[in-house]
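According to TrEMBL:
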DOMAIN    A:77-283  domain 'ABC transmembrane type-1'
TRANSMEM  A:25-52  transmembrane segment
TRANSMEM  A:72-102  transmembrane segment
TRANSMEM  A:109-133  transmembrane segment
TRANSMEM  A:158-183  transmembrane segment
TRANSMEM  A:195-214  transmembrane segment
TRANSMEM  A:220-246  transmembrane segment
TRANSMEM  A:258-282  transmembrane segment
Amino acid sequence: MAAIEGTGMNADGLRRDGFLERMKLFGLCSPAILLVLVILVIPAGWLAYVSFLGADGQFSMENYSRMISRKSYMRIFITTFEVSFMTTGICVLIGYPLAYFLSQLPARIANICMITVLLPFWTSLLVRTYAWLVLLQKKGLVNTFAIELGLWDEPIKIVHNMTGTLIGMVHIMLPFLVLPLYASMKAVNRDYMKAASNLGANPVSAFWTIFFPLSTPGLFAGMLIVFVLCLGFYVTPAVLGGGKVIMVSMKIASNIELFVNWGAASALGVVLLVLTIGALWLTSRFVRLEQIVGGGH
Amino acid sequence: MLKWLREPASETQITHGARLWLYIVATVIMILLVAPTLIVVPMSFSDSQYLEFPPETWSTRWYEHYFTSPEWMSATVTSFQAAILTMLVATPIGILAAYGLHTSSMAYIRLVFVLLITPMMVPLILVAIGAFYVFVKVNIVHSLFGLVLAHSLLALPLVVIVTGSALKSYDMNLEMAARSLGAPRWKAFLTVTLPQIRFAAITAALLSFLTSFDEVVVAMFISGGDNATLTRNMFNALRDQIDPTIASISTIMVLVTSLLMILSQLFGRAKGS
């Protein structure tokens, strides 16, 4: 009697054991989850809440309406988008030929050339920004060199403005575009190109009708990741912009450091976060996120 | 050389000569990518206040200034402490989580993965002010403990991704075999699985170290006083004026990074063979 019922009890027991086992394994994630919740998610939730409080502590939309009504805030958003779009655009213009070049090389030479992309990727952001500050200053290498070559007559201002910011940003963002793009180009089946030229396409039209469309997943992924990173960027515009290029992230920092205005800072933070999530959501439609973030390492 | 120009370069029979422009453009870009960082090295040995290149007179005065300055030295010690502790905190937590995600077949596991990699998606400035707010409440602003917590948060996604992808290519049956021979799960993991993914674990540890060592924005908000980091002080010095001491510090930082990069490449090679 007991034996007959035993099969049923065993099944229940196994199911319970299996569940407990899965829970225990899942529990291994708990320190990591706890860290993310306590230091990131809960503060973010609190900031979102504070953004809806007015100066008097009551519910109010004043932090958001200020963004629309005040010209200075609008200008910050325009600057942020300007820098992000320009950086992404320039990165595409110079990153695509580079990635294409790398993808055409034999594996061994490509690996060596890849170091030139990976080395900046690993080098401290601050060091690279500093390097550009030194190179672009009035008596810097770029000015001296250009005057000697006769490109311009006297030192021009190429740092502490938008130009300097863009140069630094493009240098920092380029690897983020090239790495996913390169992976995507390597995945293009070369026989397609052979077939195209066999059917009479000249090299240029074979490239534009076959190769380029097949490389677009990596291109879009790279563009969006660069765009997202630009949106929230702080260090490079702060140093190379010389106070003339004010991005959203810098306004958030100054709202807290100078004015201790958590409401205004939080509202800007919420908008920045929404923009970022929107761009990431777009990205995830083209490519799995872990492929991009894992791409560089 | 001239013959090479007329040779077909790809499947479309385009000649090397016809796309010589591509080779030139790509080479110039590659030089521009690497040169700025490397040019700082000779500049740091310049005697001039203006960091000439090439330096007219050589000197190590900026290095002397760095090594004899109590503030810079204390900041360097803080940075190394924070980076090493971040490595020791983020790596095990991240590996545990990657293992948990890999083996647990719970529903919503993908959501947990997304949650764990959010710190690398969210703009740093938001992580910084969020952490700043919490740390003020519990009074750990300007403490090494708080800095390590925040930097571990930033390093966590890298560890989860790097070790997670190594676990994906690892044959879990090996661990099963160990367990069927009587090893408890934790022992099977430590003696069979972990050695198999050790290269990924080492890479993850190096990345955690670098994440903390290079980080500026979060450190700007939550580090300070006796526990100001090197990058925080560098950033503040950069905003005011071009202090040549920074060139010498930059050179040292490039050296540290390159060393770690070479290390990780060596481990990568070993894995490949």
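Cβ from N, Cα, C; glycine included.
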Open item on the list: Checking distant contacts: for the transmembrane segment (A:258-282), what same-chain residues at least six beyond its ends satisfy Cβ-Cβ under 8 A?
Closed with: 44, 47-48, 50-51, 53-55, 62-64, 66-67, 224, 227-228, 231-232, 248-249, 251-252, 289
- [ ] Any chance you could find the range in A:25-52, A:158-183, A:220-246 with the most Cβ pairs under 8 Å to the transmembrane segment (A:72-102)?
- [x] A:158-183
Open item on the list: If contact means at least 3 Cβ pairs within less than 8 Å, sequence distance 6 or more, would you call the transmembrane segment (A:109-133) and the transmembrane segment (A:25-52) in contact?
Closed with: no
Open item on the list: Does the transmembrane segment (A:25-52) come close to the transmembrane segment (A:220-246), meaning at least 3 CB pairs under 8 Å for residues 6 or more apart?
Closed with: no
